[in-house]
Amino acid sequence: MVKIFYDKDVTFDAVKDKTIAVIGYGSQGRAQALNMKDSGLNVIVGLRPNGASWNKAIKDGHKVMTIEEAAEKADIIHILIPDEVQPAVYKKQIEPYLTEGKTISFSHGYNIHYGFIRPPENVNITMVAPKSPGAMVRKTYEEGFGVPGLVAVERDYTGDALQIALGMAKGIGLTKVGVIQTTFREETETDLFGEQVVLCGGVTELIKAAFETLVEAGYAPEMAYFETCHELKLIVDLIYQKGLQGMWENVSNTAEYGGLTRRARVINEESRKAMKEILKEIQDGRFAKEWSLEREAGFPHLNALRRLEKEHLIEKVGKELRKMCGLEKE
């Protein structure tokens, strides 16, 4: 069983006298920095000078400085910029200031797990990862609650790395719901697998394939969109709130019978074999290498795929129907 920490299990002792530098001020950076500051922790923000994020962070009341200045002043450096830019920023602007006993922290284990960032041996390496978009991290904190999260320790140089990570998690508001202790490997590999096979890859391809099947059979694209895409939210919300069994209990008997008797013909043994192959590519580093080469080349394949997605009929039909439903503005 996993270890779960709650508010009662965690104190601020390991972080209350430390300076925490949040590097980056996107959705997660802003939410985590504000929550920790409002929890009484000493937070500074490291950014590129004079950009939109710089001005926003100042307006939010933070002490804002360059990444180099923040890395030098901080005891804990919490990196919340995109995965693909982290290695270059780390090497040039953070690594020179990683003196003995400091902690380098992440919200995703990708670059540490695959070795794109290799901190010196005399620092802690930790992870504090909210399992929610940044906007919800902030909103629920302001409401007096929070979202669930993860903590992990890749290296405990000072002997209190876990307490440091947990103190940050408490400051962000995660321990009010519960924080699961994991590892950099487990977080990285399960996160990538979920994105590729279900959340971003599998679901979107299933939607498109079903939409195309109906349109090719002569059904109106608008009807196809409603039945294969628009109504998905209703089912996902039920699963989110009640679990799979709760979803089955809240759909019609016809939908339940049809789903239970036909689903294995859609997700079959070939599908499961493909899932295992994708997981293996994640585990052995092939995906990470492929993605690294794609970045270095300037994202040619990704940009081509983006163009194809934008040109698909489902996008044109969906845009019009979302406008009709008041979900998308002109």
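Placement of Cβ uses the backbone N, Cα and C atoms for every residue, glycine included.
What Swiss-Prot lists as domain 'KARI N-terminal Rossmann' is 2-182, and the listing cites sequence analysis. Summarising the annotation, Swiss-Prot assigns NADP(+) binding site to Tyr25, Gly26, Ser27, Gln28, Arg48, Ser53, Asp83, Glu84, Val85, Gln86, Gly134. Taken from Swiss-Prot, the feature active site covers His108. Taken from Swiss-Prot, the feature domain 'KARI C-terminal knotted' applies to 183-328, supported by sequence analysis. The feature Mg(2+) 1 binding site is assigned by Swiss-Prot to Asp191, Glu195. Taken from Swiss-Prot, the feature Mg(2+) 2 binding site applies to Asp191, Glu227, Glu231, supported by sequence analysis. Look at Swiss-Prot and you will find Ser252 tagged as substrate binding site, backed by sequence analysis.
Feature map: annotations from Swiss-Prot on the structure.
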residue: Arg48; record: NADP(+) binding site; Cβ contacts under 8 Å, 6 or more apart: Trp54, Thr66, Ile67
residue: Asp83; record: NADP(+) binding site; Cβ contacts under 8 Å, 6 or more apart: His108, Tyr110, Asn111
residue: Val85; record: NADP(+) binding site; Cβ contacts under 8 Å, 6 or more apart: none
residue: Gly134; record: NADP(+) binding site; Cβ contacts under 8 Å, 6 or more apart: Gly26, Ser27, Gln28, Gly29, Arg30, Ala31, Gln32
residue: Asp191; record: Mg(2+) 1 binding site; Cβ contacts under 8 Å, 6 or more apart: His108, Gly109
residue: Glu195; record: Mg(2+) 1 binding site; Cβ contacts under 8 Å, 6 or more apart: Gly201
residue: Glu227; record: Mg(2+) 2 binding site; Cβ contacts under 8 Å, 6 or more apart: Ala210, Leu214
residue: Glu231; record: Mg(2+) 2 binding site; Cβ contacts under 8 Å, 6 or more apart: none
residue: Ser252; record: substrate binding site; Cβ contacts under 8 Å, 6 or more apart: none
NADP(+) site span - longest C-alpha distance across Tyr25, Gly26, Ser27, Gln28, Arg48, Ser53, Asp83, Glu84, Val85, Gln86, Gly134, in Å: 20
Three-state secondary structure, which DSSP defines for Glu195 (Mg(2+) 1 binding site): helix
Cβ neighbours of Tyr25 (NADP(+) binding site) where a neighbour is any other Cβ within 10 Å: 28
Protein Cβ atoms within 10 Å of His108 (active site), excluding its own: 21
Local backbone state of Gly134 (NADP(+) binding site), from DSSP in three classes: helix
Helix, strand and coil totals (DSSP H, G, I; E, B; other) for the domain 'KARI C-terminal knotted' (183-328): 122 helix, 0 strand, 24 coil
Overall pLDDT for the domain 'KARI N-terminal Rossmann' (2-182), taken as the rounded mean: 96
